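Asker: For reference, the structure I am asking about is given below.
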Amino acid sequence: MNRYTFAAGERLVSPAYVRQGCEARRTHEHLVLQLLEKGKCPEDGWDESTLELFLHELAIMDSNNFLGNCGVGEREGRVASALVARRHYRLIHGIGRSGDISAVQPKAAGSSLLNKITNSLVLDIIKLAGVPAVANCFVVPMATGMSLTLCFLTLRHKRPKAKYIIWPRIDQKSCFKSMITAGFEPVVIENFLEGDELRTDLKAVEAKVQELGPDSILCVHSTTSCIAPRVPDKIEELAVICANYGIPHIVNNAYGVQSSKCMHLIQQGARVGRIDAFVQSLDKNFMVPVGGAIIAGFNDSFIQEISKMYPGRASASPSLDVLITLLSLGSNGYKKLLKERKEMFSYLSDQLKKLSEAYCERLLQTPHNPISLAVTLKTLDAQHDKAVTQLGSMLFTRQVSGARVVPLGFVQTMSGHTFRGFMSHANDYPCAYLNAAAAIGMKTQDVDLFIKRLDKCLKTVRKEQNKESDVPGVDKNNKTENVDIEEMALKLDNVLLDTYQDTSS
């Protein structure tokens, strides 16, 4: 409705009441106006009525929602299911054009506007989270691994002689496959042990650059957010090496936006050396469904080159999800989530330390990792070769997700490359361990319930390993059955042991 429709309404309803309704609508419209003018995340989150009004206004700008529209092409925003149309707020055309994921679609002004606004808001949040020097970014409807592949494919045209990617080892399959899929050969640089931490071997990186020659190297592929006891790569030092040898530098910042330490590493790396692009996941940092990532960088033209490398149009779903989320939270809401995550990290660390000491284990000292923690499982590993993986399966069947156990000596082969000690980021880490992470959105009750279930599982698995040859579940004194639920659950744990190992790797 506009001033003309409101004026017409005054003939039917008291003008005073209509003016009141008009003022209420102007409040919503003022928020939208500020968003379009500033291109920044509002400080305070919007209510759902404002959000839905805004999305409706965007949708009716797309040709598939025009009254009387006559579409005779092969892509006209036709949707067979009304439920699907409502799920997408009738924003059906997606984003971008065949030559550029960031380009405007003539027949979809609303979807194009949504794309531009989302990229602008995400850029604002990246600056707020700790990288104020970032020049440009865009949301891509692919998860982190494929988004890294897109970056590597873009660099291929700039460095046609290159065939290698220098990669400080991190045991995560999608990172490795992103390089293989792009057609390059990963050169794995093993980490070195410093205390409990696995850290970047800078001397080995530079030695390999000199051995292979800078022209044959596509880039250095480094990592910030990772699972303890590995810690973020030495981004600043790697950035200096890349600048000195004229080699591009791509950073996997998968869930690093939620960590001020990870973001600071990227900011400093760009200040003292070279970082061409850094990639982060939408779901891990903004609590939206899986399927999107943000590609960001410090050179506007290079980020535009990456967006133009994406073939065809793209789904608008990840952009729509993160737009709704950021407008709902506002910058203050997101900053609150970041603050709470830091508090949860400290709380989780304290609780794991207390529990581990009660079982003669210890919390690994990994001060350079701001998200993930690890607890030794030396006593379990010493008792039985399957005790460690049994603990993992027990947690899995008791609905503890995200935690993982890492046994010694696990071997994994991917695309012809064999990794010894896979999941531990090293060939021979000194001990088996259990991981847990304090990620954005975690609550105190999550930590408390995890510690409670972990405590019960540790007791049960030790009882299982140390039990005598008595008939289980029978009280010898009164001959009555005294079945322990945990004992019964062990049968299911053993059945699902292989399943757990597959999911954790």
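Any Cβ shown, glycine's included, is placed from N, Cα and C.
Take a look at what TrEMBL says about it:
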type    : residues             : note
BINDING : R75                  : pyridoxal 5'-phosphate binding site
BINDING : R97, S98, Q105, R313 : substrate binding site
BINDING : R271, R398, K463     : tRNA binding site
MOD_RES : K284                 : N6-(pyridoxal phosphate)lysine
Asker: Same chain only, sequence gap of 6 or more: which residues have a CB within under 8 Å of the CB of R75 (pyridoxal 5'-phosphate binding site)?
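Answerer: Set apart from R75 (pyridoxal 5'-phosphate binding site) by at least 6 residues yet with Cβ under 8 Å, we have H93.
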Asker: Among R97, R313, K463, all listed as binding-site residues, which has the most CB atoms within 10 Å of its CB?
Answerer: R313
Asker: Which residue, of the recorded positions K284, R398, has its CB surrounded by the fewest other CB atoms within 10 A?
Answerer: R398
Asker: What is the total of other Cβ atoms whose distance to the Cβ of R271 (tRNA binding site) is within 10 Å?
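Answerer: Its Cβ shell of radius 10 Å holds 12 other Cβ atoms.
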Asker: Quick one: of the recorded positions R271, K284, R398, K463, which has its CA closest to the CA of R97 (substrate binding site)?
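Answerer: Of all the candidates listed, K284 is nearest in space.
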Asker: Can you tell which of S98, Q105 has the least company, meaning the fewest other C-beta atoms within 10 angstroms of its C-beta, among these binding-site residues?
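Answerer: So among S98, Q105, the binding-site residues given, the one with the fewest Cβ atoms within 10 Å is S98.
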Asker: Whole-number Å distance between the CA of K463 (tRNA binding site) and the CA of K284 (N6-(pyridoxal phosphate)lysine)?
Answerer: 37
Asker: Hey, what's the widest CA-to-CA gap across R97, S98, Q105, R313, the substrate contacts in the record, in Å?
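Answerer: Binding-site diameter by Cα atoms for substrate: 10 Å.
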Asker: Compare the C-alpha of R398 (tRNA binding site) with the C-alpha of each of the recorded positions S98, Q105, K284, R313, and give the closest one.
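Answerer: Result: the closest of the recorded positions to R398 (tRNA binding site) is K284.
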Asker: Measuring Cα to Cα across R271, R398, K463, which the record gives as the tRNA binders, how far apart are the two most distant ones in Å?
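Answerer: Value for the max Cα separation, rounded to a whole number: 55 Å.
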Asker: Where R271 (tRNA binding site) and K284 (N6-(pyridoxal phosphate)lysine) are concerned, what is their Cα separation in Å, rounded?
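Answerer: About 26 Å separate the Cα atoms of these two residues.
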Asker: Centre the Cβ atoms of R97, S98, Q105, R313, go out 8 Å, and tell me which other residues of that chain have a Cβ in range of the substrate site.
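Answerer: The answer, listed by sequence position, is G94, I95, G96, G99, D100, A103, G312.
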Asker: Pop the Cα-Cα gap between K284 (N6-(pyridoxal phosphate)lysine) and R313 (substrate binding site) into the table, whole Å please.
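Answerer: One finds 24 Å between the Cα atoms of these residues.
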Asker: Cα-Cα, whole number of Å: Q105 (substrate binding site) versus the residue listed as 'N6-(pyridoxal phosphate)lysine'?
Answerer: 29
